[in-house]
Amino acid sequence: MKIFDYEDIQLIPNKCIVESRSECDTTIQFGPKKFKLPVVPANMQTVMNEKLAKWFAENDYFYIMHRFDEEARIPFIKHMQNSGLFASISVGVKKAEFDFIEKLAQEKLIPEYITIDIAHGHSDSVINMIKHIKTHIPDSFVIAGNVGTPEGVRELENAGADATKVGIGPGRVCITKIKTGFGTGGWQLAALNICSKAARKPLIADGGIRTHGDIAKSIRFGASMVMIGSLFAAHEESPGETVELDGKQYKEYFGSASEFQKGEHKNVEGKKMFVEHKGSLTDTLKEMQQDLQSSISYAGGKDLKSLRTVDYVIVRNSIFNGDRD
């Protein structure tokens, strides 16, 4: 098995067939809807909130609302659908969450997307939740995760998952590898690659994205959608407290399994950091799209499909030029 991560890979260009990168199409059909980009902000409290979720939906971007304000979920679904927008929520696997799914069915509230959001998703509890959702609200598109193995992908798909999230602890504020000894940190892209060999349904690459080029690499190795935390954090519109350190503006960013999220120091697998303020989210999304259009033009195509077949080289400890002083 080849082991590599994002920084080890360079994609090899093909002959360009477009006159301008603006001709390249970055849209993706994911579940019932089509989106402008194959990216989704991480469903974390310092990355996504209700206001941002609405903005993303209005502008044809995919989002997943976090699950850390449980009481707000039903009003959120109603508000989004009454506004003519899609509802995309997260659930856990505790007993109350199974009751919550039944309540949605009773009230005939059908979110277009439901993400089962668990650190170790290759588990009986997640499989049971997938089956429970598919029994009570079969029309919802179910995303399940997270997993790091082909066996995990196969089991969740066989249980009824419509898409699977791949990544165990590769994120910037995740310390699973350090705390437990397990994870895909340091080989996330290779894990995605081997999982894609088993997948019959879409995969979401979750964690380890440090540059826009990593989005193209994720698609090359099997992702339909790419979940991004730190690159989406610390914008003007982002949740999280703004602080000034040494004359510069920063916003807090913490992991879903951190004590800042949990409110207690128990089973902690995440940390908190301050990310330098990045300005407008609109500008970041625009730049992301332009960079992905350039990637497609280098791949010799006109849409995202062209990225799936490009050749690549593994270059350990690449020489950086232009991106490091």
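In case you wondered, yes, glycine gets a Cβ from its N, Cα and C as well.
Database features (Swiss-Prot):
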- Cys174: active site, thioimidate intermediate (ACT_SITE)
- 203-226: NADP(+) binding site (BINDING)
Fewest other Cβ within 10 angstroms of its own Cβ, chosen from the binding-site residues Ser218, Ser224:
Ser224
Per DSSP (helix/strand/coil reduction), Cys174 (active site, thioimidate intermediate) sits in strand
How many other Cβ atoms sit within 10 Å of the Cβ of His212 (NADP(+) binding site)?
19
For Ile209 (NADP(+) binding site), which residues of its chain lie six or more apart in sequence with Cβ-Cβ distance below 8 Å?
Tyr6, Ile215, Ser218, Val226, Met227, Ile228, Gly229, Ser230, Leu231
Look up Ile209 (NADP(+) binding site) in the DSSP assignment and reduce it to helix, strand or coil.
coil
Any idea what the Cα distance is from Leu203 (NADP(+) binding site) over to Cys174 (active site, thioimidate intermediate), rounded to a whole Å?
20
Under 8 Å by Cβ from Phe221 (NADP(+) binding site), counting only residues of that chain that are 6 or more apart:
Leu189, Leu192, Asn193, Ser196, Ala205
Whole-number Å distance between the CA of Ser224 (NADP(+) binding site) and the CA of the residue listed as 'active site, thioimidate intermediate'?
23
Pairwise CA distance, His212 (NADP(+) binding site) versus Cys174 (active site, thioimidate intermediate), rounded so that it is a whole Å:
20
Students should find that the Cα atoms of Asp206 (NADP(+) binding site) and Cys174 (active site, thioimidate intermediate) sit apart, in Å rounded to an integer, by 12
Tell me, how many other CB atoms lie within 10 A of the CB of the residue listed as 'active site, thioimidate intermediate', whichever protein chain they belong to?
25
